[in-house]
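J.: Quick one: the structure is below, questions incoming.
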Amino acid sequence: MAVITKITVQQKNQERYNIYMDFGKGEEYAFSVDKDTLIKFKLKKGFEVDPFLLTEIQYQDDIRKGYHLAINFLAKSMRSEGEVRNYLAEKEIDEPIIKEVILKLYEYKFLDDREYAKAYVRTQKNTTDKGTELIRKGLREKWIGENLIEEALNEYSSEEQIDTAVKVSEKFLSKNRLESERTLKLKLEQLLLRKGFSIDVIQAVLREVNFDKKEEEEMAAIRHHGEKLKRKYNKFTGYEFEQKMKQALYRKGFSIDLIEHYLSELELSDNKS
């Protein structure tokens with residue numbers, strides 16, 4: 001049976017100890033353990049270690065190493081179980097050890113995916129302009145289960161979602177006044193979808209947001225686009241030019257009445273020049 005011949009403190013890590021043993025061929029380095037493992041197994045010089053006990057010591061020490069890695073990882077930020085598992089796997093910790101570490105973390109309340117998911121939703125709600133679908137995607141990327149995701153999303157009420165979406169909409173509208181009402185609605189709907197808001201929230205916002213423009217704003221918008229289209233179709237004249245302009249402006253969302261008004265204004269201007 002192998003016997004421990006010497007125990008020394010590691011120079012680079014005072015919390016770990018090198019264990020030297022004699023397996024029948026003289027003293028040699030056998031393995032290293034941390035202080036807790038040393039104490040748990042009462043390791044000391046002259047202690048006899050059979051193969052089964054040696055395997056158990058190394059297994060328990062591997063759990064301790066994985067546990068310390070996980071604790072240091074969790075110290076930087078709140079994490080999900082999936083994130084911790086992935087981190088330990090990247091550190092080349094074996095799956096049986098990871099399972100033991102995860103159980104230990106739950107035992108000492110260092111992991112709680114339910115609270116993690118709720119905190120994640122609250123943070124996203126308070127610091128971003130994301131809708132629930134983008135938040136859901138973020139939680140899935142953290143390996144949170146669907147049931148916990150649904151529960152956590154209750155932290156973001158429909159009223160709060162609408163308030164956030166309205167703010168996004170008002171900011172968008174203030175920067176895009178030179179668009180037709182129809183185009184504004186379409187682009188805004190696409191923006192809110194990209195932000196992760198649900199169809200129900202988007203429809204509520206479209207009903208709430210004021211798209212009405214003053215007549216001078218409508219004319220400013222159609223003139224803005226009309227000038228660009230004039231340059232595009234300047235090789236056409238008469239009826240053909242008029243039809244090209246009408247079709248293009250209609251595709252941009254302007255009403256027939258407004259287009260007719262603009263073209264009349266354009267014709268009057270051309271006659272004067």
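Every residue, even glycine, has its Cβ placed from backbone N, Cα and C.
Here's the feature list from TrEMBL:
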- 67-105: domain 'RecX first three-helical' (DOMAIN)
- 112-153: domain 'RecX second three-helical' (DOMAIN)
- 159-206: domain 'RecX third three-helical' (DOMAIN)
- 216-263: domain 'RecX third three-helical' (DOMAIN)
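How buried are these features, and what lies next to them?
T.: This prediction places the mean pLDDT of the domain 'RecX first three-helical' (67-105) at 96.
When DSSP labels each residue, the domain 'RecX second three-helical' (112-153) comes out as 33 helix, 0 strand, 9 coil, counted as helix, strand and coil in that order.
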J.: Which residues of the same chain, at least 6 past either end of the domain 'RecX second three-helical' (112-153), have a Cβ under 8 Å from a Cβ in it?
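T.: Contacts with the domain 'RecX second three-helical' (112-153): 78-83, 85-86, 106, 160-161, 164-165, 167-168, 192, 195-198, 201.
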